[in-house]
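Enquirer: Shown below is the structure under consideration.
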Amino acid sequence: MRKQPTLFGGACIIAGVCVGAGMLGLPTSGAGAWTMWSILALAFTMIVMTFSGWLLLDVYKNYDLRASFNTVTKDLLGNKINALNNLAVYFVGGILLYAYTTASGGILENLTKSVIDFGEFGSRIWSVLFVIIFSFFVWHSTRLVDRISVLLIIFMALSFAFSISGLVSNIDSNILFDQQNESGEYAKYALAMLPVALTSFGYHHSVSSMRAYYGEVKKAKYAIAGGTFIALVLYLLWVISIFGNLPRAQFAPVIASNGDLDVLLNTIGEVVQSPYVKQAINAFSMAAILSSFIGVGLGTFDFLADFFKFDNSKLGRSKAWAVTFLPPLVFSLLSPLGFLKAIGYAGAVATLWTCMIPALLAYKAKKGNLVMIGLVFLFGVCTAVFHFLSMYEMLPMFKG
């Protein structure tokens, strides 16, 4: 008899998909909105993105357990919308895998250089090893991803707690609430934060995987809600810890570097004089990227297996593995830069298949509350518009 999967395991998969890009981009993107408005933006985004996942689950009820976006969208919205959705889903999944592959190479090289130095091509070599080793979990089974995700969440929690311990002990309420700023201009900067926040809750690759894993919609909904809540708590702890130590004005060099993690770490290091904090943050970053890599990889793997009609044999799973992981790896090796730019583009395209398409599917299938459907669709449209406006600096942009 098959052992019933735990809700915590599924929640860890969803949280693992979410956490990664969010930790790297949220402090910088939220510097203008600062503490209270960043909290509100993140909480609201989490709620809407949870709703959109639930809408997808409701739509999937009438389909085979292995059916994904491709099957459902083609049936309900037609070939043209399905083609656009397929392109968007693969683009976001592929560019996130590219970003995680690239970032993992750099972080692993920094962590191991004192022991193993591969020289000029060190980061690329580590990226290849990273993909070969950790994509195996996805190729093997969702059950193995579940177990690894639980271990990663535990490790992330421990390294995260240690990394912010120095920050939490030094939190200054005057800095946290920016009391020296008499103008109090925060709300107008919150709109520019929403695209990054949406990307930080982009778990929708894994919705069909959750339904197939549990074999029912109700438990999959609980797993999604639990996963997005875990991600929200981690994001809030991280953002509050940073905002409680770094004065708002000191984000200027971080913003100027497009949110580069090294600049952020160096800026934090100027406030907390502890090399262990930086090392712990590097370890947490690696765990977050790894959990996102295998989580996003799982969803993209299942999506492409459905799209190309690969069977569940070893040969079929090997084909799905190749089309999932090899293209992002090749692009990472050819052009291993632009992590945050990749995340930004992913956010723009992700609005289509994380909000707009789920809402249209639910409306067409007559599943879900109309208010919920309208809220999810409108949020997606507005967030996409905000992203492109911010790209051309047509939204209020905080410079530090």
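Glycine is no exception: its Cβ is also placed from the backbone N, Cα and C atoms.
TrEMBL annotations: computationally assigned, not manually curated.
Pulled the feature table from TrEMBL, pasting it below:
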{"type": "TRANSMEM", "residues": "7-28", "note": "transmembrane segment"}
{"type": "TRANSMEM", "residues": "34-57", "note": "transmembrane segment"}
{"type": "TRANSMEM", "residues": "83-101", "note": "transmembrane segment"}
{"type": "TRANSMEM", "residues": "121-139", "note": "transmembrane segment"}
{"type": "TRANSMEM", "residues": "151-171", "note": "transmembrane segment"}
{"type": "TRANSMEM", "residues": "186-203", "note": "transmembrane segment"}
{"type": "TRANSMEM", "residues": "223-243", "note": "transmembrane segment"}
{"type": "TRANSMEM", "residues": "283-308", "note": "transmembrane segment"}
{"type": "TRANSMEM", "residues": "320-339", "note": "transmembrane segment"}
{"type": "TRANSMEM", "residues": "345-363", "note": "transmembrane segment"}
{"type": "TRANSMEM", "residues": "370-389", "note": "transmembrane segment"}
Enquirer: When you scan the chain for residues with a C-beta under 8 Å from the transmembrane segment (283-308), skipping those not six or more beyond its ends, what do you find?
Expert: 13-21, 23-24, 66-71, 86, 89-90, 93-94, 96-97, 100-101, 103-104, 107-108, 111, 130, 134-135, 137-139, 142, 145, 148-149, 152-153, 155-156, 159-160, 163, 203-209, 212, 261, 316-317, 319-321, 323-325
Enquirer: Which listed stretch (7-28, 83-101, 151-171, 223-243) has the most C-beta pairs under 8 A with the transmembrane segment (121-139)?
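Expert: Answer, by Cβ pair count: 83-101.
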Enquirer: Can you work out which residues elsewhere in the same chain, 6+ from the ends of the transmembrane segment (370-389), have a Cβ less than 8 Å from its Cβ atoms?
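Expert: For the transmembrane segment (370-389), the far contacts come to 45, 48, 51-52, 54-55, 191-192, 194-195, 198, 344, 347-348, 351-352, 354-356, 358-360, 362-363, 395.
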Enquirer: Based on Cβ pairs under 8 Å, which of the stretches 7-28, 83-101, 151-171, 186-203, 345-363 lies most in contact with the transmembrane segment (223-243)?
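Expert: Answer, by Cβ pair count: 7-28.
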Enquirer: Going through 34-57, 151-171, 345-363 one by one, which has the most CB pairs that fall under 8 Å from the transmembrane segment (83-101)?
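Expert: Selected stretch: 345-363, with the most Cβ pairs under 8 Å.
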Enquirer: Find the member of 7-28, 34-57, 151-171 that has more C-beta pairs under 8 Å to the transmembrane segment (345-363) than any other listed stretch.
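Expert: Between the stretches 7-28, 34-57, 151-171, 34-57 has the largest tally.
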